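Asks: Feature list, courtesy of Swiss-Prot:
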type: BINDING; residues: D241, D252, E417; note: Mn(2+) 2 binding site
type: BINDING; residues: D252, H333, E378, E417; note: Mn(2+) 1 binding site
Amino acid sequence: MQQLFSQHIARIQQIVQHALELARLDGLWIYAGQAKYHFLDDQTSPFKINPHFNYIFPDPTVEQSWLFLDGKNKPKLYFYAPQDYWHCTPNPPTSAFFADEFEWQMLTDSQQIQQYIINPTHCAFIGEQTELAKSLGFEHINPQKVLNVLHFERSIKSEFEIECIYQAQLTALAGHHAAKEAFFASKSEFEINLAYLQATKQSDNNVPYGNIVAINQHSAILHYTKLDFTPPCERHSFLLDAGTSYLGYASDLTRTYAFEPQSEFAAMIAQMEQFKLDTIADMQVGMNYLSYHTQMHRWISQMLHQFEFVKLPADQIFEEGISRTFFPHGLGHQLGLQVHDVAGFQQNHRGTRKAPPEIYPSLRCTRDLAEGMVLTIEPGFYFIEMLLNQWKNHPLAPFFNWQKIDEFKRYGGIRTEDNIVMRATGAENLTAKAESISSR
């Protein structure tokens, strides 16, 4: 990891130098951020680090620390380690594999940073705390020219970042295995979530996103995070969308299970799994992500015809937009320090944005695929009453097999999701690679 991180930092230095030249600035100050207090309270939300800080310093727990970069000299880290008997104080990771890439300065008081910030009017500040930046004399606060370069470059992962995301696959798969066992052992959603957290050695405060632990019809709620405490009387299906993080880099995996392995719903899950793998096998550098999303809608249309949910030819199902009712989200998204990572729509360093087509408003990526991109591939098929109701008074309503659709609402839906990295030769499935190791 040390060699990969050295290469990662060398690349960041070039990126920062380019961004500063474009913005005609001398340096970049990045603030890690700080926990936010609840309204009229002395309790805080869990700390979430500034991703631009974590991009450079691979420890997502360091609060109120600073980084200074000029693209030429060794990055300077101002590590905040106060003396405090009320709270756990951070232990500076000065012996970690990444430590030698930084020039260290300890801060025991957050106000001490003022003495190190020289010529703030000639530097950029990157962070959420804009009032703090103003009080320290910064004028170029989150300048768009700088952010455009950083965001676009963050969409192409270094080998260090790819390794971190791969490591996060391994831990997430352990959690998925434990959660699957808990479901088939008749546990509640709450208990399944506990099994996942225990297996991944995480708490609800540091998962990369809220775990989606959905039994039966709850799978039809795309971001279901409620967690029932009581096991259901009957079990039909289970959808788990949950990940882990490694040094701040996320994994994002989804699996769906049928309680009855010989059921028609189980056959649908197998079909969706094959659609996902076929998509990954087809992906090539230079192709636009939208083309794979559109192809998935054609396959979903075939599935609607094949399983007799809609009694129309597959081509007509696609052309009429019926597949969008059963697959209402995008095929996937960029993945990295943020689960929905940056620059999914950004086409270049200048920040040119390409919006998704009107018919696919939930698509999160309109980019041409490039080597080093890490993305999720997550097709879905759902029975969502709110969306289905829009067709009940439509001229095509008689072609919907409403009786069968109503019967399948108890399953909620299907989603299957792997994480891939684009290579020169095509997509490498990081999830499948980790599964092959985990199953040995």
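Cβ atoms are placed via backbone N, Cα and C, with glycine included.
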Asks: I want the residues beyond D252, H333, E378, E417 whose C-beta is within 8 angstroms of the mean position of the Mn(2+) 1 site's C-beta atoms, in chain order.
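Replies: Other same-chain residues with Cβ inside the cutoff are D241, L253, T254, G332, L335, L375, T376, I377, N419.
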Asks: In sequence order, which residues at least six apart in the same chain have a CB under 8 Å from the CB of D252 (Mn(2+) 2 binding site)?
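Replies: D252 (Mn(2+) 2 binding site) has long-range Cβ partners P208, Y209, D241, G243, L335, V339, T376, E378, E417, N419.
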Asks: Please identify, from the binding-site residues D241, E378, the residue with the sparsest Cβ neighbourhood, meaning fewest other Cβ atoms within 10 angstroms.
Replies: E378
Asks: Name the residues of the same chain, 6+ apart in sequence, whose Cβ is under 8 Å from the Cβ of H333 (Mn(2+) 1 binding site)?
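Replies: Counting only residues 6 or more apart in sequence, the Cβ neighbours of H333 (Mn(2+) 1 binding site) under 8 Å are V339, H340, D341, G344, R364, C365, L375, T376.
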Asks: Determine which residues of the same chain, besides D241, D252, E417, have their CB within 8 A of the center of the CB atoms at the recorded Mn(2+) 2 site, and list them by sequence.
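Replies: Here the non-site neighbours turn out to be I212, A242, G243, L253, T254, T376, E378, R415.
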Asks: Ten-angstrom check, please: count other Cβ atoms within 10 Å of the Cβ of E417 (Mn(2+) 2 binding site), all chains counted.
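Replies: There are 21 of them.
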